[in-house]
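Down below is the structure, laid out as structure tokens.
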Amino acid sequence: MSVRIEHDTFGEIEVPEDKYWGAQTERSKRNFPVGKEHMPIQVIYGFAQLKRGAALANHELGKLSDEKKNAIVYACDRILNGELDNHFPLVIWQTGSGTQSNMNVNEVVSYVANEYLKKHGSKETIHPNDDVNKSQSSNDTFPTAMHVALFHEVETKLEPALNHLRQTFKEKEDQYQSIIKIGRTHLQDATPIKLGQEISGWRYMLEKCEQLLSESKKHILNLAIGGTAVGTGINAHPEFGHKVAKYISQNTGYAFVSSENKFHALTSHDEIVQLHGTLKALATDLMKIANDIRWLASGPRAGLAEISIPENEPGSSIMPGKVNPTQCEMLTMVAVQVMGNDTTVGIASSQGNFELNVFKPVIMHNTLQSIYLLADGMNTFNKNCAIGIQPIEENINNYLNQSLMLVTALNPHIGYEKAAQIAKKAHKEGLTLKESAIESGYVTESQFEEWIKPEDMVDPH
């Protein structure tokens, strides 16, 4: 392998000739051969937005020349275009401040920027610390990159997936308003409900999660940039953070602002804890929805079988013809993973000792993973399951007509205790509810027909 020699304050080190990173990245690569979880590329893109904005801000404040500013912006734009993805090799298991990844970006930007300057005949040179990292610290850049990446992924991936699944349930809700089925509480028969009403509950869960997500993501717009090492802003112009936030906002279209309290921004990640709490809330709702659907679709001959769902693939390697609710199983596993991630994010975010939290990479990794799992999970669940939900009306009607809980409609007319006697007699003697009611002498046949109407029970008002 062809190599070149790079150096840092520790001395010289060999770096692959075809890679744009420098000495500090190479040392991290060698010092932390831990796991397979690489720093998410969206974090790198968040860094690129930041370094781009920092170059523009430093130039505006008279701290960076035109040539250097243009070169750094050029390099950052190449990163944002996805041209340099293979030059960011580090794993998340590194320093808890993300310093190595910050330097990885600084080194790649300086390498590409210097090529740009050389190509344009400039005698200027870009230094990864003195120019690309000017007015910055890893302590304020990594949390800034975290927030930029998280907001973008929520906006472009999670919210569209959530919206599409909600729309599907809304369509099913409207489509099945005329189908009356038996409700169930405690896994036991309850009073009737429309299939559309049941689905409306699922739809509203997602609608509420959209509202929670919209609220919690607002706090992610606060950026730590400008706090530098410990929140005091040492080595940065007082307006630097605000100007960087302005330039990031202009380039992304999102209304980022420099946090009003940098001491908080460096050591606390409560905004991400809140955001992930919303992801957990969504996961719990998706778990419930997926479980309801697979129970309602259980069978086909010995289950509830009130609905059918698409048959996507063979379900068993030994039982011919078996088809399983695999999309529901996938979504419930996604939900469990997100719940586990929430625990990790919460514990890691509680470790802000003094002026800095040093669990940032694992907070970021788990939060992004939850966003991607939820987005991908909802998209494939919607496409391969939810859209294809169909009622099996024969079974729905059989369960409805057999249910003893229709007796609830007699309460206002004969009282709870007499109605309970009718239900128990029917169950014990194998009678229909109507037969038991008439035999009890508490109601006549005409009264039963008048009072026991499932269609009135689902819309009592």
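From the backbone N, Cα and C atoms, a Cβ is placed for every residue, glycine too.
Noted in Swiss-Prot for the protein shown:
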type	residues	note
BINDING	97-99, 127-130, 137-139, Thr185, Ser317, 322-324	substrate binding site
ACT_SITE	His186	active site, proton donor/acceptor
ACT_SITE	Ser316	active site
SITE	Glu329	site 'Important for catalytic activity'
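Shown here: features listed in Swiss-Prot, placed on the structure.
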residue : record                                  : DSSP (3 states)
Ser97   : substrate binding site                  : coil
Pro128  : substrate binding site                  : helix
Ser138  : substrate binding site                  : helix
Thr185  : substrate binding site                  : strand
Ser316  : active site                             : coil
Asn324  : substrate binding site                  : coil
Glu329  : site 'Important for catalytic activity' : helix
Round to the nearest Å and give the CA-to-CA distance linking Asp130 (substrate binding site) with Glu329 (site 'Important for catalytic activity').
52
Quick check: of the recorded positions listed here (His186, Ser316, Glu329), which one has the Cα closest to that of Ser138 (substrate binding site)?
Glu329
At a 10 Å cut-off from the C-beta of Thr185 (substrate binding site), count the other C-beta atoms across all protein chains.
9
Including all protein chains displayed, how many Cβ atoms other than that of Pro128 (substrate binding site) lie within 10 Å of its Cβ?
25
Enumerate same-chain residues with a sequence separation of six or more from Lys322 (substrate binding site) and a Cβ-Cβ distance below 8 A; give 'none' if the list is empty.
Pro314, Gly315, Ser316
Quick one: Cα separation, Glu329 (site 'Important for catalytic activity') versus His186 (active site, proton donor/acceptor), in Å?
22
Counting other CB atoms within 10 A of each CB, which of the binding-site residues Thr99, Ser138 comes out lowest?
Thr99
How many other Cβ atoms are found within 10 Å of the Cβ atom of Ser97 (substrate binding site), counting all protein chains shown?
22
Intrachain C-beta neighbours of Asn324 (substrate binding site), sequence separation six or more, cut-off 8 angstroms:
Gly315, Ser316
For a quick check of packing: other C-beta atoms within 10 Å of the C-beta of Asp130 (substrate binding site), how many?
12
If you measure Ser97 (substrate binding site) to the residue listed as 'active site, proton donor/acceptor' at Cα, how many Å is it?
48
I'd like the number of other C-beta atoms within 10 A of the C-beta of Ser316 (active site), please.
10
